[in-house]
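K.L.:
Summarising the annotation, TrEMBL assigns active site, proton donor to H64. Annotation comment: TrEMBL describes H64, N65, F66, R67, H68, D105, D214, Q265 as AMP binding site. Per TrEMBL, Zn(2+) 1 binding site is recorded for H68, H104, D105, D214. As annotated by TrEMBL, Zn(2+) 2 binding site applies to D105. The domain 'PDEase' annotation in TrEMBL covers 1-309.
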Amino acid sequence: VCETVEALRHPTFDVWQWEPNEMLSCLEHMYNDLDLVKGFNMNPITLKRWLLCIHDNYQVNPFHNFRHCFCVTQMMYSMICLCSLQEIFTQVDILILMTAAVCHDLQHPGYNNTYQINARTELAVRYNDISPLENHHCAVAFQIFSQPDCNIFSTFDPEAFKQIRQGINTLILATDMARHGEILDSFKHKVDSFDFSDEEHVTCLKMVLIKCCDISNEVRPMEVAEPWVDCLLEEYFMQSDREKAESLPVAPFMDREKVTKPTAQIGFIKFVLIPMFETVMKLFPQIEEVMIQPLRESRDRYEELKQIDDAMNEVRHICLCLIVFFEDTSASCYV
Ligand SMILES: *[C@@H]1O[C@H](CO)[C@@H](O)[C@H](O)[C@H]1NC(C)=O
Ligand SMILES: [Zn+2]
């Protein structure tokens, strides 16, 4: 148990070897270890009931499931430890970061915002095409907190509750990848003269932190990270198959005829992950060795795999040409 508790603080943690009940205990441990339970006078039983309710409100999708929720929260916990965030953030900010991570994909249906909007689903209609999924995750989170037996914030006064609600909603809404460029640009403008006493700066940093954790699988060791790519592709294929069946637009990177694991990952690591983590590195240089180095190694490995894939396709192409050539020759022999 002690070894697990220490391992839980690092991005190298093996997220695959645990049952839901064990992941729930780990989440409970993180809240205790960060002193959120005693510090905010939370009822430990309410914390348990709340986490169980969270688990029940994640669907069994290939990717956007309870284990993904666990991964994102465990990465947040790792970053809080690695970057000593408790020394620079208030405990309310730590509570907001952790709780937003836990809640950030509640009741995700496995089909993305673009699908929701193009298929004119109930969610898209309800939220007027504006981040329908993320709005839904927020709403579900606060429906859960509205049940007294799951309300871990019952000890907060109304003003503090408002602040926490606002903070969590801002972070969950920031996980919409359609806003990636906007949010990263805003952070880049602040980072060189970052002011930890400026509320706007701190909010922007928290938004970038949850974004980092949300898409951090490739920071993990190869054996832990790679199965997640299969899960993501499985969910993409589910969506693109449905889009084809419903005559909706299909993205090439989701099409089972066009995408492979290396092609899916190389661009994402090079143009989304590394630039974002390198910007965060300006504030927290300690993430270079622990988080950015694994990203570079993963990029290099997928580039090698892609070269092998390309070479195999070249061989396959030559073989087909030879078959056609000899079939034609033998045909002409008979004539
Ligand atoms: C969502 O799916 C659409 C295809 O319907 C695709 O074009 C879009 O890039 C996807 N968005 C994300 C964030 O993966
Ligand atoms: Zn997510």
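Cβ coordinates are placed from backbone N, Cα and C, and glycine is handled just like the others.
Where the annotation comes from TrEMBL, it is an automatic prediction and has not been curated.
Keep in mind that this is a model prediction, so the values were computed, not measured.
Looking at the shown structure, can you explain where the listed features end up?
P.N.:
With a cut-off of 8 Å between CB atoms and residues at least 6 apart in sequence, the same chain places Y58, D105, H108, G110, E235 near H64 (active site, proton donor), listed in sequence order. DSSP classifies H64 (active site, proton donor) as coil under the three-state reduction.
Other C-beta atoms found within 10 angstroms of the C-beta of N65 (AMP binding site) number 18, with every protein chain shown included.
Within 10 Å of the Cβ of D105 (AMP binding site) there are 26 other Cβ atoms, across all protein chains.
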K.L.:
Within 10 angstroms of the C-beta of H68 (AMP binding site), what count of other C-beta atoms is obtained when all protein chains are considered?
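P.N.:
If we count other Cβ atoms within 10 Å of H68 (AMP binding site), we arrive at 22.
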K.L.:
What Cα-Cα separation, expressed in whole Å, is found between Q265 (AMP binding site) and H104 (Zn(2+) 1 binding site)?
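P.N.:
That separation, Cα to Cα, works out to 23 Å.
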K.L.:
Return the members of F66, D105, D214, Q265 (the binding-site residues) with CB less than 6 angstroms from at least one atom of ligand 2, or none.
P.N.:
D105, D214
K.L.:
How many whole Å apart are the CA atoms of D214 (AMP binding site) and H104 (Zn(2+) 1 binding site)?
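P.N.:
Here the two Cα atoms are 9 Å apart.
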K.L.:
Measuring CB to CB from F66 (AMP binding site), give everything in the same chain under 8 Å that is also at least six residues away in sequence.
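P.N.:
Sequence-distant Cβ neighbours: P20, M23, I54, H55, Y58.
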